[in-house]
Amino acid sequence: MTRRPAGYPRQNRRPAPRGTRPDPARRLAYEVLRAVHDRDAYANLVLPALLRERGLEGRDAAFATELTYGTLRGQGTYDVVLGACVDRPLDQVDPPLLDLLRLGAHQLLAMRVPAHAAVSATVDLARAVTGEGRAKFVNAVLRRVAARDLEGWLGEVAPPYATDPAGHLAVAHAHPRWVVNALRDALTAAGGGSWEETADLLRADNLRPQVTLVARPGQAEVAELVGLGAEPGRWSPYAAVLPEGDPHALEPVRAGRAAVQDEGSQLVALALARAPLVGPDARWLDLCAGPGGKAALLAGLAPGADLLAVELQPHRARLVSRALAHAPGRHQVVVADGRDPAWRTGVFDRVLLDAPCTGLGALRRRPEVRWRRRPEDVPELARLQRELLRSALDAVRPGGLVAYVTCSPHLAETRVVVDDVLGERAGGVAYVDARPLFPAGMPDLGPGPVVQLWPHRHGTDAMFLALLRRVG
Ligand SMILES: C[S@@+](CC[C@H](N)C(=O)[O-])C[C@H]1O[C@@H](n2cnc3c(N)ncnc32)[C@H](O)[C@@H]1O
């Protein structure tokens with residue numbers, strides 16, 4: 001049995017005696033943070049693998065998960081607080097030491113861990129992973145952090161909301177300032193954009209997302225997932241929400257008949273599949289298919305059509321093949337650059353371009369992305385997105401449909417890309433209003449013709465969809 005971490009609910013809350021071995025949950029969270037910061041790993045991949053490897057289950061696993069994700073989400077806030085408690089610039093603090101301080105700050109400022117337990121357990125961990133001298137430094141800094149609660153610290157270190165709302169929200173809700181501004185611009189284009197709504201979005205980004213499953217059409221039913229403890233999804237007829245537990249413990253998920261897939265991701269694929277089309281409807285293309293979530297859904301929605309799934313990265317193409325393994329209909333996976341067609345032009349009836357993007361719409365599930373991305377990534381991605389969109393429009397037949405999708409709401413990756421490429425085609429491509437293709441009663445879809453979904457409005461990732469018809 002694993003030892004329960006200090007400060008964990010319903011446990012012995014006495015501070016760990018000096019020299020005690022660090023508890024396994026905190027040590028695991030620390031190792032995930034190191035992997036994220038040292039080798040650009042994704043927490044949502046490393047954490048479950050380490051939990052399995054160490055045999056951490058139940059409350060210990062929940063504690064390690066909250067510690068890891070909470071620390072990654074709150075990093076921007078904690079760094080500003082730590083900056084006020086450390087006698088040198090934070091970029092001069094050794095990265096492992098900084099991760100220990102962030103873990104301690106999260107326990108002190110955002111978890112119900114008593115201060116003495118948060119400090120002593122983090123100092124134990126520091127002693128084990130960095131040595132006695134540095135453990136003393138961690139102890140001294142965390143005692144300074146413990147002097148105020150989060151609200152007290154925000155009053156001290158965040159710019160005043162009245163004079164610098166973006167700066168205030170950036171510190172209070174732990175998003176880089178450039179991301180706060182980009183999200184606000186995108187909300188404005190979607191018919192909102194007050195600072196209050198921006199704050200709602202930032203708050204929603206920091207909530208633990210529900211695990212949403214897709215019952216892959218032709219392979220599983222929502223009712224089957226409901227029978228296994230899930231609840232029907234809010235919007236997609238194929239979605240089910242798992243309130244607790246490991247989705248991979250469910251047989252339909254292990255068998256690939258169901259999968260983890262955000263409802264927003266399901267809805268954009270459904271919109272493309274449902275859009276009215278005149279003429280043949282037999283050839284579908286997914287131009288950026290890896291790891292295959294939308295390809296598997298499309299295959300199930302179009303059992304009568306041939307689906308060609310294209311992916312640049314061989315290892316991701318293998319994931320697409322796995323996702324499509326038991327899907328109905330005819331499908332083929334090819335490793336290719338979507339900008340360099342290995343197919344005839346003008347022959348596809350429906351094309352999905354789910355373009356590589358910053359991922360700023362999926363911060364609930366990948367909290368570290370906000371710190372990893374830089375504003376200078378955006379123009380480079382936007383160039384690739386334009387090239388792929390030109391290729392998608394070349395691939396579709398006259399009258400056929402292209403769905404341009406991103407899991408980022410950043411305007412430079414969404415509307416600007418589409419408007420620019422449409423401008424080049426001088427009337428050869430037209431927008432289709434995508435709003436009627438979303439579930440009846442789904443609110444706040446914006447002024448159209450594109451649809452931007454939002455975590456705080458719809459409970460989905462911030463997926464963007466522009467539906468286009470080739471007219472010439
Ligand atoms: C947003 S993801 C697609 C997600 C996928 N549609 C799903 O639902 O599972 C974008 C994918 O595009 C791939 N990609 C990037 N550049 C590409 C290119 N030039 N041609 C084809 N695929 C590319 C990436 O490797 C990545 O797997």
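Here, residue 1 is simply the first one shown, and the rest follow in order.
Placement of Cβ uses the backbone N, Cα and C atoms for every residue, glycine included.
As written in TrEMBL, here are the features:
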type     : residues                                                                       : note
REGION   : 1-24                                                                           : region 'Disordered'
DOMAIN   : 187-471                                                                        : domain 'SAM-dependent MTase RsmB/NOP-type'
BINDING  : Cys288, Ala289, Gly290, Pro291, Gly292, Gly293, Lys294, Glu311, Asp337, Asp354 : S-adenosyl-L-methionine binding site
ACT_SITE : Cys407                                                                         : active site, nucleophile
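Structural mapping of features recorded in TrEMBL.
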residue: Cys288; record: S-adenosyl-L-methionine binding site; CB count, 10 Å: 23
residue: Gly290; record: S-adenosyl-L-methionine binding site; CB count, 10 Å: 24
residue: Gly292; record: S-adenosyl-L-methionine binding site; CB count, 10 Å: 27
residue: Lys294; record: S-adenosyl-L-methionine binding site; CB count, 10 Å: 27
residue: Asp337; record: S-adenosyl-L-methionine binding site; CB count, 10 Å: 14
residue: Cys407; record: active site, nucleophile; CB count, 10 Å: 26
Next on the checklist: Cα-Cα, whole number of Å: Gly290 (S-adenosyl-L-methionine binding site) versus Cys407 (active site, nucleophile)?
Outcome noted: 14
Checklist entry - What is the maximum Cα to Cα distance, in Å and rounded to a whole number, among the residues Cys288, Ala289, Gly290, Pro291, Gly292, Gly293, Lys294, Glu311, Asp337, Asp354 annotated as binding S-adenosyl-L-methionine? => result 19
Checklist entry - Mean pLDDT over the domain 'SAM-dependent MTase RsmB/NOP-type' (187-471): what is the value? => result 97
